Amino acid sequence: MAALPVEDSVSSLVQKWLEWDQDPTTRSEIEQLRDTGQTDELEKRLRKLRDAGLRGRMAAGFSCMNSLTVIQASQGLAKYLRDYHGDLISRGVIIGHDARHNSAKFAALAANAFIAQEIPVLFYSGPAVTPSVPFGVTDLHTLAGVMVTASHNPAQDNGYKVYFKNGCQINSPMDREISESIEQNLKPWPNAWKESPSSDYLRAQAYEEILPRYTTRVWHYSKSTVQEWKRPRPFVYTPLHGVGGLVFPALCRSLGINDFTSVPKQVTPDPDFPTLPFPNPEEAGALDLAVETADREGKTLIIANDPDADRFAAAEKVDGSWFFFTGNHIGVLLASHLFDTLENIDSDTRVAVLNSAVSTTMLSKMAAARGIYFEESLTGFKWMGNTSRKLEESGYYVTFAFEEALGYMFPEVCYDKDGITAAMVFLSAEARWSSQGLTPYTKLQQLFQEFGHHETLNNYFRSPNPETSMDLFRSIRAGPSRDEMRLGPFKILRWRDMTEDYDSGTDNKKPTLPADKSSQMLTLWLDPDVRFTIRASGTEAKVKFYIESCSASREQAIAAVCDTFKAVLKEWIQPFGRSMTYSKQLPTSSGHILRLADAIAHTGSPSQNAKPALVQLSSPAVVVKTAKIQPAPPPTTTATSALRIISILQQHRRRRRRRRHAKTPGHPIN
């Protein structure tokens with residue numbers, strides 16, 4: 001975010017706000033803060049400007065999502081398009097919105113800015129799924145697209161997402177140029193506050209044209225991924241109170257898929273998300289109602305979209321318990337399925353796949369085994385979409401990209417994450433695997449047997465504010481870890497800092513990925529085979545972490561990710577001494593639970609603690625019933641697995657003692 005001049009006093013900022021804002025709700029908020037003398041809150045809300053392409057809480061102030069900041073972002077974007085791409089403005093822009101509070105109003109206010117610049121607007125008059133906007137940009141060759149959505153954020157949030165003519169989210173340097181244009185166009189233009197725009201430049205029924213084209217493309221693409229299309233097994237579907245329920249069920253029926261049940265309380269868009277406070281399918285408990293519905297209906301598969309339908313989640317009932325696939329699981333399953341379809345592609349075609357730097361390394365191994373080019377990108381589909389476009393310009397056919405946060409991109413449909421297409425391709429794959437005597441779960445186990453068991457522990461620390469998050473990263477960089485190349489008992493093999501443009505693993509000490517000084521992201525490779533990344537979220541007050549270990553043994557991989565987290569907690573988080581909060585029980589990707597009480601109590605290295613930090617050991621990779629934390633099962637159900645792990649740890653300690661006597665650096669627990 002840009003900041004307003006420091007010489008502007010808070011009172012002058014309040015005056016500017018009240019001069020420009022015509023929304024009675026947000027005007028009243030600022031007036032109340034002024035009248036009650038809440039100077040610090042006014043400073044926080046009014047000093048920084050909101051850029052295009054961000055999302056956050058709906059409230060009064062230049063740093064929040066509200067009518068005025070939407071107008072300002074839209075005016076800056078419209079003027080940028082006029083100034084930099086004036087020869088293309090006749091192609092117009094698409095403006096869509098989801099079903100959140102104020103989304104329709106924000107979209108209408110955005111349209112006014114483009115109309116003022118005589119830029120045609122293809123306007124979605126009703127709630128839309130997010131992937132339909134980037135699809136529409138490329139399908140109708142528009143100059144840009146805007147989607148008003150906060151995706152899976154809580155009900156009080158909203159957002160503003162911008163696409164350029166290539167169908168990808170805007171990226172550097174364009175985002176900086178647009179931000180500069182916003183700063184130069186802060187005062188609302190005439191007619192900026194019209195909530196029902198009308199003009200010869202407005203095409204108000206564009207969604208009715210684009211949606212059938214989008215669903216037809218998804219329909220044909222999902223069928224093209226199999227030689228013989230078959231119906232999947234019966235399933236339960238939930239859009240989590242979002243717009244997916246307006247599209248996905250009808251799409252299924254058009255394919256002859258009728259044996260599914262939509263979760264009744266969640267199938268209709270509801271901006272309050274009454275059955276779940278965090279409508280994110282990654283959150284514990286998000287699929288509880290889907291599980292209840294599936295158990296009641298006797299169905300063993302769950303398909304889910306997040307509220308704007310750009311993400312996709314799935315769960316399968318295995319031996320009486322529900323297994324919740326992670327984004328990495330679904331990513332490698334979809335990749336495996338799509339790789340099988342490449343047998344029909346010309347042998348001269350150079351195929352490429354991508355995933356983000358915080359997603360599983362398993363995709364790179366799968367690609368190498370097939371002779372497919374793999375490229376890693378920075379986190380977010382603004383990077384993966386634009387990277388895919390560059391690869392295509394170099395002659396590659398990009399078939400797929402994903403990131404661990406349940407996002408999957410199919411360039412033949414659009415260049416952003418697409419939960420509708422992902423769900424349809426997954427169902428096509430499920431039917432194909434079923435004909436081979438497999439399920440998604442057993443197919444995943446096959447892939448683990450071939451490429452090693454990849455265990456992940458991904459979660460987040462909640463920060464009180466972005467400034468505290470930045471302080472944490474400063475503390476880490478100032479600490480001893482980088483100089484000593486150790487993280488507690490772990491030897492650091494490689495240290496990559498994308499913010500500082502440093503990578504100890506390259507000849508020139510520079511990352512191969514583009515540095516991004518506006519974000520915070522560190523990645524460490526540890527001995528043994530562990531990769532750990534910590535980064536500040538760009539949309540929420542969170543510091544996210546991603547730990548992955550690969551081993552021939554599931555138990556070894558689980559122990560490695562748990563011990564890595566304990567080291568991070570002890571070496572980085574606890575010494576920081578600030579209000580970083582976190583879940584006290586963390587599930588790994590196999591469903592095992594790391595209890596933080598145990599992790600905090602352990603002050604020695606992993607080799608000094610014979611008791612592993614694994615509390616719940618269910619059947620292989622199965623989470624019991626729901627994503628909520630379940631009580632630990634009786635000891636008899638875990639004894640065999642626990643003894644195997646303890647045996648591994650004992651063997652490791654013996655090896656460690658031998659290495660110490662040989663004056664060889666020790667290694668952490670496998």
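Yeah, the Cβs are placed from backbone N, Cα and C, and that goes for glycine too.
A TrEMBL annotation is a machine prediction, not a hand-curated record.
Note that the coordinates shown come from a computational prediction; the quantities given were computed from them, not determined experimentally.
So that you can see what the record holds, here are the features copied from TrEMBL:
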COMPBIAS  651-664  compositional bias 'Basic residues'
DOMAIN    48-185  domain 'Alpha-D-phosphohexomutase alpha/beta/alpha'
DOMAIN    213-316  domain 'Alpha-D-phosphohexomutase alpha/beta/alpha'
DOMAIN    327-432  domain 'Alpha-D-phosphohexomutase alpha/beta/alpha'
DOMAIN    528-560  domain 'Alpha-D-phosphohexomutase C-terminal'
REGION    651-670  region 'Disordered'
If you average per-residue pLDDT over the domain 'Alpha-D-phosphohexomutase alpha/beta/alpha' (327-432), what number do you get?
96
Residue counts (helix, strand, coil, in that order) that DSSP gives for the domain 'Alpha-D-phosphohexomutase alpha/beta/alpha' (327-432):
54 helix, 23 strand, 29 coil
Helix, strand, coil: count each for the residues of the domain 'Alpha-D-phosphohexomutase alpha/beta/alpha' (48-185), based on DSSP.
56 helix, 29 strand, 53 coil
